[in-house]
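Enquirer: There's a structure below that I have some questions on.
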Amino acid sequence: MHVPDGFIDAPVSVAAGAVAAAAVAVSLRGARRELDERTAPLAGLVSAFIFAVQMLNFPVAAGTSGHLLGGALAAILVGPYTGVLCVSVVLLIQGVLFADGGLTALGVNITDMAIVTVVVAYALFRALVKVLPNGRGGVTSAAFVAALVSVPAAAVAFTGIYALGGTTDVALGKVFTAMVGVHVLIGIGEAVITAATVGAVIAVRPDLVHGARDLRRPLELKEATV
Amino acid sequence: MAAVTDTPKRGGIRPLWIAGLIAALVLAGFVSYYASASPDGLEKVAADHGIDKRTEDHAAKDSPLADYQTKDVGDARLSGGLAGVIGVGATLALGTGVFWVVRRRPRADEG
């Protein structure tokens, strides 16, 4: 879903850049609470893993493919603030080194692929974890649904940005329907990859999964020291 | 002093870290060759509806890694795989650097 240069006009690109910069600044502060000397290297790895999986476009419909966005995965594994930063790092590397995603569109791309995916996915994930049965299955299912919804949410965000500053004159209803339609399909892939990865990490080290901290709370209480 | 020493002793992160890095390198270095070459959702919608009429050339289009291919490496499998491995390395380095600087230091700071 990397927006190239020229889709969105300059004023809206600049505004999206300001939104992205503010969100990154907030995330840098918030990530401090999520990261320590154990989780910081893991968060770097999550970035690299998302970069790798983003290369794996899977077919979704005739002549169309999709790839992981990774916001849901990052937020659940290492926390929402760190998650925004993980995806932003990936987008920066892709834009600068791989010519993927326009440099003037970096703010747009961070806004819809890092911020919107993380906020939507993490809010939904937290809500679902509360109502689903406590345990690995509950967390994995919540991750599945959160990831699934985060992709069309990013498509809606793109449509909104296009409405404000699109350089072409395409009916918004058409853009909305086409974008959301195909991204629901891509969201299924996002959900499968996210649930599989979260499930695999929880199976071996639930203590290192930010979104599964509730699973280990009873264990933690026992070893708590004053 | 040093009231915050709650690091749980549940083993290091190294095994998980190494497994994750190997997975990322294999996916970007080898599996990526088999990825779908079709346009992604946005590219397809943009082309179908004409959203992309004013697309501009990418400022980094002459980057030696542009479009996930390594410049001057003829073999497509090697060229893409190498680009993927370099990308994993670059992302790991930048991400780890940022997160290491940002992290909470082990000293008494009430949250």
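The count begins at 1 with the first shown residue.
Just so you know, glycine gets a Cβ as well, placed from its N, Cα and C.
Pasting the feature list from TrEMBL:
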TRANSMEM  A:6-28  transmembrane segment
TRANSMEM  A:40-62  transmembrane segment
TRANSMEM  A:68-93  transmembrane segment
TRANSMEM  A:105-129  transmembrane segment
TRANSMEM  A:141-164  transmembrane segment
TRANSMEM  A:176-204  transmembrane segment
Enquirer: Under 8 Å between C-beta atoms and at least six residues away from its ends: which parts of the chain pack against the transmembrane segment (A:176-204)?
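Expert: The answer is 1, 49, 53, 58, 60-61, 64, 66-69, 72-73, 76-77, 136, 139-141, 143-152, 154-156, 158-159, 211-212, 215.
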Enquirer: Go through the chain and flag residues at least 6 beyond the ends of the transmembrane segment (A:141-164) whose CB is under 8 A from any CB in it; none is fine as an answer.
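Expert: Same-chain contacts beyond the ends: 1, 3, 7-8, 12, 15-16, 66, 69, 71-73, 76, 108, 111-113, 116-118, 120-122, 124-125, 128-129, 132, 170, 172, 175-176, 179-180, 182-184, 186-188, 190-195, 198-199, 211.
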